Amino acid sequence: MRLVLVGPPGAGKGTQAQFLAAHYSIPHISTGDIFRANLKAGTPLGLQAKGFMDKGELVPDSVTNEMVKDRLTHDDVANGFLFDGFPRNVAQAEVLRAILAEKKTPLHAVLEFSLANEEIVARLSSRRTCKECGQPSVGHDKCPQCGGDVYQREDDKAEVIARRLEVYQEQTAPIVSFYRNEGLLITVGALGSVEDITAHAISALSRVSE
Ligand code: AMP
């Protein structure tokens, strides 16, 4: 299964991506996670991305697309993949379509998680992230997954959240129409329990032929 997850920041894409990737036995490719891992390791890619990430802006397409192109050469994508946080604009969606067309492995579906703006702001401002494993959580002093210390991501602070939402509306929301026109879009409501949302997504995807 070759999937893309779309949705505003805080819609729970990362959490759903983990469950869906496990369900379909495909790698979960989060461009945000790759950037954060590079940042932590102090690589040139991480340093390039940092300024943009801290401000809630998109990392330039030239950097992001090269990173994705490279990721798609790894052996683990042979049976599919799930992108979370990529593409983030129509130009990236076009690059992804071209890469996959060349490999004759087009997408099967694009899952959109929809959520009202007030709920997004409430979720993001109370979200904490594990320093060790990167797992997001709300209302915990220690990571509920691995027990590591949690911190507030620089881009989950109020000023940056507002900018990330603007960036989503201006740059990312247009990919929803792009994928609707391609006949790939499936929309799932992102309000409810994690388990219910995963079940809805899997049920909707069961109607997609691989
Ligand atoms: P995320 O973890 O998906 O919320 O991403 C965190 C930050 O990483 C974003 O606010 C961007 O600065 C950067 N980023 C992640 N994915 C992309 C992408 N596809 N294109 C450009 N920037 C990205």
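From the backbone N, Cα and C atoms, a Cβ is placed for every residue, glycine too.
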Per TrEMBL, the range holding region 'NMP', considering 30-59, 60-89, 120-149: 30-59
E57 (AMP binding site) to G10 (ATP binding site) - Cα separation in whole Å: 16
Intrachain neighbours beyond the region 'NMP' (30-59), with Cβ under 8 angstroms and 6 or more residues off its ends: 14, 17, 67-68, 71, 83-86, 88-89, 134, 154-155, 160-161, 163-164, 167, 171
Candidates near ligand 1 among the binding-site residues G14, V59, F86, R88, judged by a Cβ under 6 angstroms: V59, F86, R88
Per-state residue totals over the region 'NMP' (30-59) - DSSP helix, strand, coil: 23 helix, 1 strand, 6 coil
Sparsest-packed among the binding-site residues, when each Cβ's other Cβ atoms within 10 Å are tallied, from G12, G14, G192: G192
